[in-house]
Structure formats: C-alpha cells, structure tokens
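A.B. asks: Copied straight from TrEMBL:
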type	residues	note
BINDING	CYS351, CYS414, CYS417	[4Fe-4S] cluster binding site
Amino acid sequence: MARTLYDKIWDEHVVHTEEDGTAVLYIDRHLVHEVTSPQAYEGLRQAGRKVWRVSSVVATADHNTPTTGWERGYDGIADPISKEQITTLDANIAEFGAAAFFPFLSQRQGIVHVIGPENGATLPGMTVVCGDSHTSTHGAFGALAHGIGTSEVEHVLATQTLLAKKAKNMLIKVEGALARGVTAKDVVLAIIGRIGTAGGTGYTIEFAGSAIRGLSMEGRMTVCNMAIEAGARAGLVAVDDKTIEYVKGRPLAPTGVEWEQAVAYWRTLHSDPGAHFDTVVELDAAQIVPQVTWGTSPEMVLGIDARVPDPDKEKDASKRGAIERALQYMGLEPGKPLNDIFVDKVFIGSCTNSRIEDMREAAAMVKKLGQKVAKNVKLAMVVPGSGLVKAQAEREGLHEIFRAAGFEWREPGCSMCLAMNADRLEPGERCASTSNRNFEGRQGAGGRTHLVSPAMAAAAAVHGHFVDVRTLA
Ligand SMILES: CC(C)[C@H](C(=O)O)[C@@H](O)C(=O)O
Ligand code: SF4
C-alpha cells in the first residue's frame, strides 16, 4: 500500500500498539535543554534509574544563557534561577551521561534546534524528541520530530520509548517560484495565515511542492519550526540530495559502510505516489508577499502591502473580539498601513531564523541599504543560533556589517525570543522579530512583537519602520 513519509517513519518505530491506538514508539534521538530536564533527571534519580541509551542524548544550555558577558563565565549569569538551571544541567549530564553535551560557554553551544542538525545529531528517518515544542524543526530532515512534556522527557530517558497516538496526514504543497525578497519565513507565515493556528491540530504536516524543494535545509528548518504554530506537533519534508549533502561529514553522522547503508535507506524517505493524505492544502508561491504579523497570534498575519485589519468589518463576533483585543494590546489603529508601523527594537535570532543563511540574508540587506540603524530604534540585536554559526558569520565578516550599521552582535542562545534571560522588551515596546511567537508578553511583559523574516527585520531596523523588501531588492 502506498504510504506517506509520516506512515513510513511511524511504522519503522512502533514497538507495540494497543487496541485504542496508543502506541509505544521507539525514540532514536533525545535532545535535552536546561528548562525541561531538571525534574526529569530528578525523577530518574529518585527512582534509582539510569538513562536507557546514553548515546541517544544530546544536550545543550540555550534558554537561560546570557548573550553578553561571556568573559565573566558563569558569574556573567545575573539571574540566580537561570544560573541554577544551567548548572543543574551540567550536573545532570555529568551524572547521567550523553552522546554529546555542549554546555554554556563551549563553542558548539547554541539553541537546541540549531545544534542538533549542525552536529549531525538529527538524521533522516529518526524519531527525535525534546522537551520543547519547536522540535518540529528537525522534520526538515525527513525525521519524525516533536516536542514532549517534562514527564515524557523522564519516560524517554528511562525507557527510550514514548506513548503516542498516530496523527492524521496533511499535505501542504507550495508550488512555483518565490518572488525576490520572499523567504521561507514568509512561506510558513503565509501558510499559518491560511490554515490558522489550529489548522494543523491532530495532523503531521508534510511540506512539499517545488517551492519547498527549492528551499535550502535552513529554509526547510524555518518552515518545519513553525509547524507547531500551525497546530501540528510535527512537520516533515521529504529527503533529497540537499538533505544528504547537509548531513554528510557532520560529527554524529554515520561514516563508511554505515553511511552508504544509511543513504540507501534515506532515499526511500518520501511519500509514495498515490499515498493518502487526510487533508491537502495548496499555495501558489508566486502569490506570497513578505509577511508581518499585526496581532498576538501567528495567524494574525498579513502581507506587508496590507493594512491593519478593521474589526468592524469582521462579521463573526468572537473573531471581532479577538481582533479588537489584539489591536488594543498591540497599540495599533485599524486601517494603518503595515509599512507605517515604527519599531523600538529589532531582534534577529531564535531557532526559526538564526542559522548562517539567516545571518547572511540580514547582513546582505543591511549592506544593500548602506545606512545605520534608524534613530528611533533603541536596540537592534543579532543573536546567532550557535557558536558555530557565530564563528562562520565572523569568518564571512557579517558581524562587521552589522556592527558598522549599529547592530549589537551577541553570543548565541534563545535570547529575546522568549526573554528568559536578560534580553527583553519593556512594556509597550514594539519589536520586529524573526522569532516564531508573538503572544502577549512573549518577549517581555507588555512587549509587542511583529514576526517577520530576517531581511524584513534588517530593513525595519534601518528604516525605523516596516518596509516591503521587494521594493529594496
Ligand atoms: C521553554 C520551552 C518549554 C518552550 C517550548 O516548549 O517551546 C520554549 O522553547 C518556547 O519557545 O516557548
Ligand atoms: S529560540 Fe525561542 S522558540 Fe526556539 S527553543 Fe528557544 S525559546 Fe523556544
């Protein structure tokens, strides 16, 4: 029978299925960070258990790590809770072990969803879990990857398995060529704009079509990263030459005969012709314009050529109420052109957009504009996703471009994506952000977030307000 990519990976990992559909799924890769692992390790400790397969665990500290003051080492972590989470991870990995650990201050440290693929910890066909909702990112490799809760983290550490129910199959096809200046981020925001944040609930989404195939691995990661924002716990892209090329030679990737065998298997990781999808959504790539969120949910998104929506034009009372509340929180007037929204801060980073390509895209825009960060922008910061991304960007001189224009060039981590460290918005501040969530208070209490691509964020920093990057290209 013709199977989808999701069906294939699922079948390959099911150990047992109960009559009600609950399955025991074998887990190949367990990514661990400091926020959702302390109680899990404590649980193991109290039960006198060990980690079932130490070689499956790859860990790093990312959410709480500061992006400045690394020369002061652990003393540079101002917040005592942040410091405790980071040192607790160090102690847990020292006690329980891991295949690889990239602690605070180490060069390969970074956002868990950046360092996984970078180190070859994420491989096609794997089941990948992490106590983090953006684990969907790793689906870009044709891996079944999703976030789990802390009690599940403990379960996977102890048993190497997860209890799961199979989701339905959704296919999102994006066909055609993207316009100049339109990126993977715009594609995924446009998808969420179309299907809504609940559109993917209960599904695993496979992203396909010529526009998705045309994306780099970085771009595919950006798209899968936000599958969770579309309601789906996992997103997938079929394996092709780009996938295999990206993985080749990474520290944890197979070598020699094992590599050959793995590649032969990986080449089967695509949906069969005629495989059944429960839902199919199609988008025309040529119609996608640079996107900007205007509200407090990723689905509150429009093309840069649009205006802030008018709640009075919405017939559905609950939707009208949601628009009104969002506009009030965001401090926006209906009908205002998105181009005319001025920003106070700019954040280029997060597991959505902090890879080398994102750095290049933002730097290219800054270079093209040839001007400094606008006077009204209090802070424009670039936070690479990992130490390796940072080093690569510096080899290419990107940091010089950013610094010369007045951007701050920081140390890697989650940073102002969720403001668990010192990087945050003050109440009422408005931010152009390349991250993935624009919920109330996400980047700091009272902060106002507009989600955009790296090029759009860079252009907003220089102009001081949003601009259509297609007109700058
Ligand atoms: C801290 C962590 C549990 C959380 C997540 O699961 O996604 C965070 O990474 C986020 O982006 O909100
Ligand atoms: S960068 Fe943001 S979205 Fe990604 S893992 Fe960190 S906090 Fe979560």
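Every residue, even glycine, has its Cβ placed from backbone N, Cα and C.
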A.B. asks: Including all protein chains displayed, how many Cβ atoms other than that of CYS351 ([4Fe-4S] cluster binding site) lie within 10 Å of its Cβ?
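C.D. replies: Taking every protein chain into account, the count is 28.
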A.B. asks: What are the sequence-distant neighbours of CYS417 ([4Fe-4S] cluster binding site), meaning same chain, six or more residues apart, C-beta distance under 8 angstroms?
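C.D. replies: CYS417 ([4Fe-4S] cluster binding site) has long-range Cβ partners PHE347, GLY349, SER350, CYS351, SER433, SER435, ASN436, ARG437, ARG442, GLN443.
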A.B. asks: Given a separation of at least six residues and a C-beta threshold under 8 Å, show me what packs close to CYS414 ([4Fe-4S] cluster binding site) in the same chain.
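C.D. replies: Expected: ASP62, HIS63, THR65, ILE111, GLY349, SER350, CYS351, MET420, ASN421.
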A.B. asks: So which other residues, same chain and not among CYS351, CYS414, CYS417, have a Cβ within 8 Å of the centroid of the Cβ atoms at the [4Fe-4S] cluster site?
C.D. replies: ASP62, HIS63, ILE111, HIS113, HIS134, GLY349, SER350, THR352, SER354, GLY385, GLY413, SER415, LEU418, SER435, ASN436
A.B. asks: Hey, does DSSP put CYS351 ([4Fe-4S] cluster binding site) in a helix, a strand, or just coil?
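C.D. replies: In the DSSP reduction, CYS351 ([4Fe-4S] cluster binding site) maps to coil.
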A.B. asks: Which secondary structure state does DSSP assign to CYS414 ([4Fe-4S] cluster binding site), in the simple three-class scheme?
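C.D. replies: SS state of CYS414 ([4Fe-4S] cluster binding site) = coil.
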